[in-house]
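Asker: Sending over a structure as structure tokens; questions will come in a sec.
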Amino acid sequence: MSWQTYVDDHLMCDIEGHEGHRLTAAAIVGHDGSVWAQSATFPQFKPEEMNGIMTDFNEPGHLAPTGLHFGGTKYMVIQGEAGAVIRGKKGSGGITIKKTGQALVCGIYEEPVTPGQCNMVVERLGDYLLEQGL
């Protein structure tokens, strides 16, 4: 299965029980910042934004004082899982980033999608990739 298929079929899909509700944008990105696959709506991000995210996975709390900057948008960092998941909120939307052995699974959402729904979609694929040794 191609990485693009994972994005299209497992991240940009309708959320279970909520037909028509889906993430705004999603991608699978290597730890080095290379994009493996992305939705057409996924924002272009800067290398320094990816560096900050990777630093936060290695040093949890690094982004909390400054916020999570991604694709030119600043998100307030909210409770995640140290070294495994970073979550950010901005207005009625937000971002979830799940770290696997080789990649970051990223999902961006706006209402009517809820933070919990975004977390579920992103983390389910991330957990699957971890189980596959990726």
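Using N, Cα and C of the backbone, Cβ positions are placed for all residues, glycine too.
Model, not experiment: these values are computed from the prediction.
From Swiss-Prot, here are the annotated features:
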| type | residues | note |
| --- | --- | --- |
| DISULFID | CYS13-CYS118 | disulfide bond |
| MOD_RES | THR114 | phosphothreonine |
| MOTIF | 84-100 | motif 'Involved in PIP2 interaction' |
Asker: Fewest neighbouring Cβ atoms within 10 Å: which of the disulfide-bonded residues CYS13, CYS118?
Answerer: CYS13
Asker: Give residue numbers and ranges for long-range contacts of the motif 'Involved in PIP2 interaction' (84-100): same chain, 6 or more residues beyond its ends, CB-CB under 8 A.
Answerer: 24, 53, 56-57, 63, 67-68, 70, 73-78, 106-111, 115, 118-119, 122-123, 125-127, 129-130, 134
Asker: Whole-number answer please: how many Å between the C-alpha atoms of CYS13 (disulfide bond) and the residue listed as 'phosphothreonine'?
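Answerer: Given the Cα positions, CYS13 (disulfide bond) is 15 Å from the residue listed as 'phosphothreonine'.
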Asker: Average the pLDDT scores across the motif 'Involved in PIP2 interaction' (84-100) and report the rounded value.
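Answerer: Residues in the motif 'Involved in PIP2 interaction' (84-100) carry a mean pLDDT of 98 in this prediction.
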Asker: If one looks at the chain holding the residue listed as 'phosphothreonine', which residues at least 6 apart in sequence have a CB under 8 angstroms from its CB?
Answerer: none
